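Reading through the C-alpha cells given below for one structure.
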C-alpha cells in the first residue's frame, strides 16, 4: 500500500508570480518520496540500505527558497525539450524558431523559464500524484499550445514517472526528470565508489559546447563501454575522463526495458532504471562546485551525485537521423520511466 499526503511547502516570491507551492509525500514500506508542485521536483527520496536504514538519496534543498534561486535543475522535470538544442534554433515547416540561449551558445532544458520553474496543477491519486500544465503557444519560443501531464506513482520499491502531452501545432518535445542521486545518501562527498552499468552499444560524441557531432559511436573499446558494471572513480581515472555528460543510445523499441543500474556496495543500495525512451543522459555532476548549500547546510562538490536522465537524443530536432522528437496535432506523447530501489 502507498500512503499519499499533501502539505504546504511555501509561497513563490511575488516577482516569480506568487502562488502556493505544495509538497506531496508518497510512502510505501520501502520508499518515501517528496514531490513539489513547483517543477514537479523530487525534493527527497528515502530508501533502505541492507540494514533497513533509510537515507535520502537525492540532492536538493530543505526550503522553497533554495529552489526559487538558480540551481542545476535539482530533481525537476525539464522541458519542453530536455538537454541541448544547438544555437537554440530549429526549423519546422519552413519556419525558423529561435529559443533563449542559457547554456553558452545553446538552449538547455527548455530555456530561461522552462517546466522546472513553473507551478503545476496537482491531482492526488490513490498511489501518487498527477501534475498538469498548459504551456502556451510561443512559450520560450516553442510553437503550439502544449498540454502536459506528469504522473508519479509509487508501488513498493518502484517509482513510476509517466509523461503525456498533446499539442495544437507541431513541436519538439522530450521530457525527463533531472534528479541527482547519491546512493550513499545525499551530502556524501562523491560517487566514486558507485558501480554503474548502462545497456547501450553506442553513445553520442559531443563538441566542446556539448552538442552531439551527429556521429553515433560504438562504445566497444572505449571509456563509454558501461555494459558491464564499472566502479566509477577507478573507471574515470583509467580512461582519463573528467566525468560523463553524454547521451547513451538505447535499443529503439517502444517496450519498457532495463537500461541502467547503479549500485553502492558499502550500503547495498541499488537503483534500476527502466524506460520506453530511446536515450539516457549519464551525467556525473561535473558542474557542481561546492558553491550551493543543500539540505542540512551541506555543500555539493563536483562528482557528488549522478543523473540518469531518460530522454530523446540531444539536438534531435536538428538531426534527421536521430529518433523523431516531433509531436504533431492529434498525436499523444507518452513515455514512462521506472526507478526501482533495492538493497542487498
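Placement of Cβ uses the backbone N, Cα and C atoms for every residue, glycine included.
Residues or ranges marked as beta-D-galactose binding site in TrEMBL: 83, 84, 178, 179, 180, 245. Taken from TrEMBL, the feature active site, proton donor applies to 178. For 309, the entry in TrEMBL reads active site, proton acceptor.
Looking at residue 83 (beta-D-galactose binding site) and residue 309 (active site, proton acceptor), their Cα atoms lie 9 Å from each other. Spatially close to the residue listed as 'active site, proton acceptor' yet at least six residues away along the chain are 82, 83, 176, 177, 178, 280, 281, 283, judged by Cβ distances under 8 angstroms. Binding-site extent for beta-D-galactose: residues 83, 84, 178, 179, 180, 245, maximum pairwise Cα distance 18 Å (rounded to the nearest whole number). All protein chains considered, the CB of residue 83 (beta-D-galactose binding site) has 29 other CB atoms within 10 Å. Non-local neighbourhood of residue 179 (beta-D-galactose binding site): 42, 45, 58, 59, 74, 75, 307, each in the same chain, at least six residues away, with C-beta under 8 Å from its C-beta. Other Cβ atoms within 10 Å of the Cβ of residue 180 (beta-D-galactose binding site) number 25 in total over all chains.
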